[in-house]
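For reference, the structure discussed in these notes is given below.
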Amino acid sequence: MLLVLDSSIGTSVAVVDLERGVIAERGEADTMRHAEVVGALIRDVLAEAGVTVDELSGVVAGMGPGPFTGLRIGIAAARVFALGAGKPLVPMVSHDAIAADWYEAGGTGELLVVTDARRRERYYSTYSDADTRVQGPALAKPDDLPEAANRVDATSVSAGALGMVAERRYAAGLPFPADEPLYLRSPDVTLSAGPKRVTA
Amino acid sequence: MNTDNPLVLGIETSCDETGIGIVRGRELLSNTIASSMDEHARYGGVVPEVAARAHLEAIVPAIHEAVAEAGISLHDLDAIAVTSGPGLSGALMVGIGAAKALAVSLDKPLYAVNHLVGHVGADILDPAGDAFEYPTVALLVSGGHTSLLLVRDLVSNVELLGETIDDAAGEAFDKVARVLGLPYPGGPQIDRVAASGDPKAIRFPRGLTLPKDLEKHRYDFSFSGLKTAVARWVEKKRDDGDEVPVADVAASFREAVADVLLTKAIAACHDYDVPRLLLGGGVVANARVRELAAERAQAAGVQLRIPPLSLCTDNGAMIAELGAQLIMNGHAPSTLDFPADSSLPVTEIQVR
C-alpha cells in the first residue's frame, strides 16, 4: 500500500494498493494552494482509506515536471512524510500518470503527453505503452513538440493513477527514476554586471 | 502532550538558511543549519528560486542531523513548529509542506509561528544567563528585515513600533560592499575593511532622523538614501581620478547604519520606559553595531541582551522555542490549513 503525492499541476493525494486499486483519492485543482492544502489532503485521504501510517509500504512523490514553486511542496511533503513514517520514498515521473490514464481508457499506440510549463513553453513525454516512456520528460516551445499518433494535453495529474503505475513497476521489477525534482529549467537569474551608476 | 517541558522540533525556511531546531522546554538540544549562502554569492544577493531549491534538498538531511544531535527519536516529539511568515514565499512553502507532512505522519500537533517573534524567543535559549523579562524592546536587523518591536509578552502581545520603509540594513551592507568592489555577503566585508577606517571621515545621511521625518516615522528606518549617498560619493571620487578611501567609506557607512539603528532603539526604550533592549538578526554579527549598542545602552541605563550569533541568524531552534512557549502557555495548535504569508504582521505570533 502506497501513499501518493503529486503537486506538479494541482495537488493530488491518494492511497493505492496493487490488488485493491485506488483506495482513496483527493485533490485540489487550484495551482496556487499547494502549501495550504497538502497537509489536510494527506490526513483526509488516510482517514477515508482507513489506513494507518504503519500499514504503508512506501510514499510516492510525483517529481514533475511542473512549475517549481508548487512542485517542490509535494516533493518536500512526500520526502518528510517518508522520513516521519520510516518508509521508503518512491520517486515517479508525473507524466506517467497521464499516460496510464489514457491507456487505461482504451488508448493504444504512440502517445505524446503535454503539460503547461508556463512562459509559452510545454513539458512533454512520449510513450509506446502505459509502462514505457520513450522520450522525456523534456521542455519545448509548442511548435517544436515531437510528432505522435496521439496527443493528450493534460491539466491535471491523478495521484491515484501515478500510484498504480508505481505499484505495477514495483511488481514487475522495473526501475524507478532518481529522487530529483524535474524542474527542467535553471533558476531564473542573471549574473550582475557590477554596480550600476547612480549619478549620470 | 507534555505541556510543562515539551519536546518540539522547529522548521525555518524563510530565507536562505534551512534551520532545524529541537528544544525541550527552555533547553536547546539541536540548532542545525544548512545554508545556501555560497550559492547566492555569485549573484550578489539571495536568489529566491535558488534558496527554495536548496531548502528542498537540505531539509531531510537537516532533520536527520538534528534528531541525531538531540539524541531523540521523531516519535518522542510533543509537537512540530514551523515558520509561516514573513519571508520569501517559495522558500516558506517548502518548510510548510514538510512540517504539515511530518505532523500528519507522526500524528503530532503543529504550530505555525511568526519568524520575527521567533527571533525574540531565541533569547530564551541563550546559555549565558536568564532570559529577559518582558516588556522588552527588540531590534531585529538582517538582510531581509529591520524591525523595532515592543514585546510585552512573547506569546500574546508583540507590537511593531517601526520597520524599514525600503531596504533592510543587511541589504544596504551588501549593496555598499558591491559599490566598493567587495564580495557578498557585505556585512563581514565592510566590517573587515572598516576596522582601519575613520568613522567620522565622511558624514553620510541618517535616514528618517530629521524632525519632519520623525513626526511620521519615529521608529521607522530607511537605508536606500544612505546606500545611494555612498555610491554618489564613491563615483565622484572615481570620476575625479582620486583614489577611493575604502576603509574610511566603509567605516563611515557602517557608523551611519549603527548610529541610526541604536538611536531609534534607545529612543523606543526611553519613550516606553522599558529599560531592556534585545538584539537579533544576522547584522548583530557586525562589530560596530554590537559595540555601539553596548555604549548607548550603558549610557541610557538600558540592559542589553545579544544572544550568540548562531541564535541571532535565522535558525530552527528559535522557531521550536516559540512553539514550546505557546504550548507551555496553553495555546492550541494551528490547523493544517494555514498558508505561507510573505508579509505576516508581527502581531500574528501564531497563525491558526
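Using the three backbone atoms N, Cα and C, a Cβ is placed for every residue, glycine included.
TrEMBL entries are annotated by machine, without manual review.
In the predicted model, the domain 'Gcp-like' (B:27-320) shows an average pLDDT of 96. TrEMBL lists B:27-320 with the feature domain 'Gcp-like'.
Neighbour density for B:HIS115 (Fe cation binding site): within 10 A of its CB lie 26 other CB atoms from the protein chains shown. What TrEMBL lists as Fe cation binding site is B:HIS115, B:HIS119, B:ASP314.
According to its DSSP assignment, B:GLY187 (substrate binding site) is helical. For B:LEU140, B:VAL141, B:SER142, B:GLY143, B:GLY144, B:ASP174, B:GLY187, B:ASP191, B:ASN286, the entry in TrEMBL reads substrate binding site.
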Neighbour tally for B:GLY187 (substrate binding site), based on other Cβ positions within 10 Å of its Cβ: 26
Nearest of the binding-site residues (B:HIS115, B:HIS119, B:ASP314) to B:GLY187 (substrate binding site) - Cα to Cα: B:ASP314
Nearest of the binding-site residues (B:LEU140, B:GLY144, B:ASN286) to B:HIS119 (Fe cation binding site), judged by Cα-Cα distance: B:LEU140
Length of the line joining the Cα atoms of B:HIS115 (Fe cation binding site) and B:GLY144 (substrate binding site), in Å: 11
Rounded to the nearest Å - Cα separation of B:ASN286 (substrate binding site) and B:ASP314 (Fe cation binding site): 15
